[in-house]
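Trainee: Before I ask anything, here is the structure I am working with.
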Amino acid sequence: MNITVLLTQIGIIAALIITGIGIKRAGSLSGFTVSDLTNILLYVVSPFLIINSFEMPFSTRYLKELLLIVIALVLFYLIEIVVSKVLFHGVQDGATKRVLEFASIYSNAGFMGIPLVQALFGSKGVFFASISLAIYNIFNWTHGIGLFEKQASRRDTLRQLIKNPNLWAVIVGLGIFIGNVDLPHPVNQFLTDISNLNTPLAMFVVGASLVQVRISKQTLNGHLWLSLALRNLIFPVVMIVLLKVLGVTGTGALATILMAACPTASLVVLFSVQYKSDTNQAIPLFGISTLGCLVTLPLIYALI
């Protein structure tokens, strides 16, 4: 992919984020509105976008590529988990340690990754990115939430997974793809119209979230910079290596790398608040990582 195309799209994404910041500062988006938009994006728009991306002619080559990407993703998350645990082992404060580990491992794949992939590669890119999102959700709602909620039962974890409409969307989408189902035009148009809401709304929400970021000298410590380096640079390079070893190339590789190179998940802030962890570390991590990705994403793609 031409780096100019990526830079242009990142510029558009940045403009949408700035618009979101402006809307929030103007008072047009309340906290409740942002929360409602987040739920609409995660539980309505994203599932329809995923289903829409699987509406393509069946190909054994694509199916094989999907399986190789699944292998790469599982290895990727296992490596991330082990490396983060080792590097932040010496952090004394448990609440801070949990935030640093989570922020290093989990990217903003849903809010940043899917819109970028959709803009750069269209439905074919989202087709591959959906698998990344599915594996992300499995790890996030098992290991990720387990970092914050140590007492979470297997039943609660399974319930969270089953309730996630994005996983069901992948299952439905795979059925459409493998069954070579040709959706009626009105259904296809409906899915397309819903899907087109994803990028602008997601970036408005990200922008509105950044308004709340407050950074002090006390939070800019070595552990924070290490977490940012892992999330924005080092772990994406690990994904590049894994895909090269497995022989995955083309749109599948580009979409998967882009999902892995996204900034820290906004969930790090939500989980920190919900489970009374270190929000003073979580909020700057989210903010700096998000702004930093406008620079680090082109750097990652220059390595491919």
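Positions of Cβ are set from backbone N, Cα and C atoms, glycine also.
Pulled from TrEMBL, these are the listed features:
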TRANSMEM  6-23  transmembrane segment
TRANSMEM  35-54  transmembrane segment
TRANSMEM  66-88  transmembrane segment
TRANSMEM  100-121  transmembrane segment
TRANSMEM  127-147  transmembrane segment
TRANSMEM  167-185  transmembrane segment
TRANSMEM  197-216  transmembrane segment
TRANSMEM  228-247  transmembrane segment
TRANSMEM  253-273  transmembrane segment
TRANSMEM  285-303  transmembrane segment
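How buried are the listed features, and what sits near them?
Mentor: Below 8 angstroms of C-beta separation, residues 46-48, 50-51, 53-58, 62-63, 127, 130-131, 133-134, 137-138, 161, 191 of the same chain, each at least six residues beyond the ends of the transmembrane segment (167-185), sit close to that stretch.
Panel annotation: around the transmembrane segment (197-216), residues 13, 16-25, 29, 34, 37-38, 40-41, 45-46, 49, 108, 110-112, 114-115, 118-119, 266, 269, 280, 283-284, 286-288, 290-291 of the same chain, lying at least six beyond its termini, place a Cβ under 8 Å from a Cβ of the stretch.
Long-range contacts of the transmembrane segment (228-247) within its own chain (CB-CB distance under 8 A, at least 6 residues past either end) are made by residues 68-69, 71-72, 75-76, 79-80, 83-84, 87, 103-105, 107, 253, 256-257, 260-261, 263-264, 285, 288-289, 292-293, 296, 299-300, 303-304.
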Trainee: Using a Cβ cut-off of under 8 Å, list the residues of the same chain at least 6 residues beyond the transmembrane segment (253-273) that approach it.
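Mentor: Long-range Cβ neighbours of the transmembrane segment (253-273): 1, 69, 72-73, 76, 95, 99, 102-104, 106-109, 111-114, 116-117, 120-121, 125-126, 128-129, 131-133, 136, 140, 144-145, 148, 206, 209, 227-228, 231-232, 235-236, 239-240, 243, 279, 281-283, 285-286, 289-290, 292-293, 296-297, 300-301, 304.
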Trainee: What else in the chain is close to the transmembrane segment (285-303), if you only count residues 6 or more beyond its ends and a Cβ gap under 8 Å?
Mentor: 1, 3, 6-7, 10, 13-14, 17, 99-100, 103, 108, 112, 116, 206, 209-210, 213, 215, 224, 227-228, 231-233, 236-237, 240, 254, 257-258, 261-266, 268-269
